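J.: Below is a structure I'd like to ask you about.
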Amino acid sequence: MPDRRSPARRLRPVLLLAPLVVLPLLLDSFSLYQATMILIYVTAIIGLDIVFGRAGVLSVAQAVFIGIGAYTAAWMSRTTTVSIGVELIAAAVIAGLAAILVGLPALRVSGLRLAILTFAFVELFQWVVTTFASITGGTQGLLVNPGGFGTVTTADPLVGYGLAAVIALLATWLVIRLQRNPIGRSMAAVKNSNLLAESAGVSTVRTKLTAFMLSGMLGGLAGVVLAHVSGSVTPAGFTVFSSLNLLVALILGGTGRVHGAWLGAAYVVLMPELFARLGIPNAYPIVNGAVLMLLLVVMPGGIAGVLDGIRDRVRRSGAAPPPPLTPVPERSSS
């Protein structure tokens with residue numbers, strides 16, 4: 001069957017892949033690290049977008065799933081000789097199961113009460129990793145041994161970048177496919193109204209738990225790469241403030257939009273560095289809160305929503321005008 005997509009749409013994958021391939025050749029070591037972190041956050045934010053932006057369930061537990069992935073990678077890298085591929089699978093499974101447990105309260109409560117319950121899971125995670133210090137390293141955390149595939153390991157920054165890029169692209173592909181299949185449509189129905197979704201035959205239980213599971217799995221994958229790129233894991237990296245930071249990034253980028261996660265990830269990585277270079281690093285959390293309030297009032301669709309609006313206006317203005325009406329000649333009366 002011939003490809004009926006427009007040339008512009010067929011070029012989209014190339015336009016996305018080309019910068020990802022060229023960037024590491026142009027960046028210094030620190031900039032390469034920042035680019036890798038952006039890709040890691042893309043995966044984590046897409047996971048949050050599935051449960052919040054698409055299923056409409058407010059959760060502040062995304063940092064827990066990233067932490068589970070990070071600690072899984074750290075523990076396996078120190079106690080086993082398996083490849084990083086096995087770590088990724090294990091982290092995705094464990095984080096996905098944990099996400100289902102976190103999602104169970106979503107079957108009965110919603111809104112602010114659910115956000116408070118997911119906040120409790122973050123605190124529970126913090127208690128576990130600080131209490132069982134013999135396994136997790138406690139407040140000091142764990143060093144992470146380089147992982148990889150054979151002789152190719154994350155000790156090479158390019159390998160970490162490549163791994164982060166592949167997983168971010170897979171996450172992007174997943175969410176694109178999701179919005180075009182019945183699962184994605186069920187999530188959209190649940191987001192609009194639980195009652196209407198149930199009346200239309202949608203299982204809100206299965207839909208919400210599926211959203212949490214996918215969110216957790218992507219968070220777990222992001223955590224594995226984060227652990228290997230950072231070289232260590234500590235509880236301080238997976239607090240409720242970490243989750244709120246991801247939520248701000250998602251809202252700023254644009255919920256329910258694929259490119260919103262990419263824009264939000266760039267914000268959450270680059271803005272702290274910008275404030276640090278300006279000599280006012282402590283101002284970042286304040287600005288973060290102000291930006292969130294401003295976005296909710298002025299730009300609820302985020303940056304992606306603004307860009308989409310501009311694109312639509314350009315398309316409408318560039319559309320060919322309708323052909324002029326040809327006047328019908330009057331009949332001569334005889």
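Each Cβ is built from the backbone N, Cα and C atoms, and glycine gets one as well.
Below are the features I grabbed from TrEMBL:
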| type | residues | note |
| --- | --- | --- |
| TRANSMEM | 12-27 | transmembrane segment |
| TRANSMEM | 33-52 | transmembrane segment |
| TRANSMEM | 57-76 | transmembrane segment |
| TRANSMEM | 88-107 | transmembrane segment |
| TRANSMEM | 114-138 | transmembrane segment |
| TRANSMEM | 158-176 | transmembrane segment |
| TRANSMEM | 209-229 | transmembrane segment |
| TRANSMEM | 235-253 | transmembrane segment |
| TRANSMEM | 260-280 | transmembrane segment |
| TRANSMEM | 286-307 | transmembrane segment |
| REGION | 315-334 | region 'Disordered' |
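Please go over these features one by one and say how buried each is and what sits next to it.
T.: Among residues of the same chain six or more beyond the transmembrane segment (57-76), those with a C-beta under 8 A of the stretch's C-beta atoms are 44, 47-48, 51, 82, 84, 86-87, 90-92, 94-95, 98-99, 102-103, 106, 110-112, 114-115, 118-119, 121-122, 125, 129, 135-136, 141-144, 147, 208, 211-212, 215-224, 226-228, 232-233, 235, 237-240, 242-244, 246-247.
When Cβ-Cβ distances below 8 Å are used as the criterion, the transmembrane segment (88-107) is approached by residues 51, 57, 59, 61, 64-65, 68-69, 72-73, 76, 114, 117-118, 121, 167, 204-205, 208-209, 211-217, 219-221, 223-224 of the same chain, each at least six residues removed from its ends.
Beyond its flanks by at least six residues, the transmembrane segment (158-176) meets 16-17, 20, 24, 32, 35-36, 39-40, 42-43, 46-47, 49-50, 54, 84, 88, 148, 152, 214, 218, 221-222, 225, 228-229, 258, 261-262 of its own chain at Cβ-Cβ distances under 8 Å.
Away from its own ends, the transmembrane segment (286-307) comes close to residues 245, 248, 250-255, 257, 259-260, 263-264, 271, 275 of its chain (Cβ-Cβ under 8 Å, at least six residues beyond either end).
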J.: Run the contact check on the transmembrane segment (235-253) against the transmembrane segment (12-27): 3 or more C-beta pairs under 8 Å, excluding pairs closer than 6 in sequence.
T.: no
J.: Do the transmembrane segment (209-229) and the transmembrane segment (12-27) come close, with at least three CB pairs under 8 A (pairs 6 or more apart in sequence)?
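T.: These two segments do not touch.
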J.: Is the transmembrane segment (33-52) packed against any residues at least 6 beyond its ends, judged by a Cβ distance under 8 Å, and which are they?
T.: 23-24, 27, 58-59, 62, 65-66, 103, 157, 160-161, 164-165, 167-168, 171-172, 174-175, 178, 187, 211-212, 214-219, 221-222, 225-226, 229, 246-247, 249-250, 253, 255-256, 258, 260-262, 264-266, 268-270, 273
J.: Same chain only, please: residues at least 6 beyond the ends of the transmembrane segment (12-27) with a C-beta under 8 Å from a C-beta of the stretch. Say none if there are none.
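T.: Contacts of the transmembrane segment (12-27) (Cβ under 8 Å, skipping residues fewer than 6 from its ends): 35, 158, 161-162, 165, 169.
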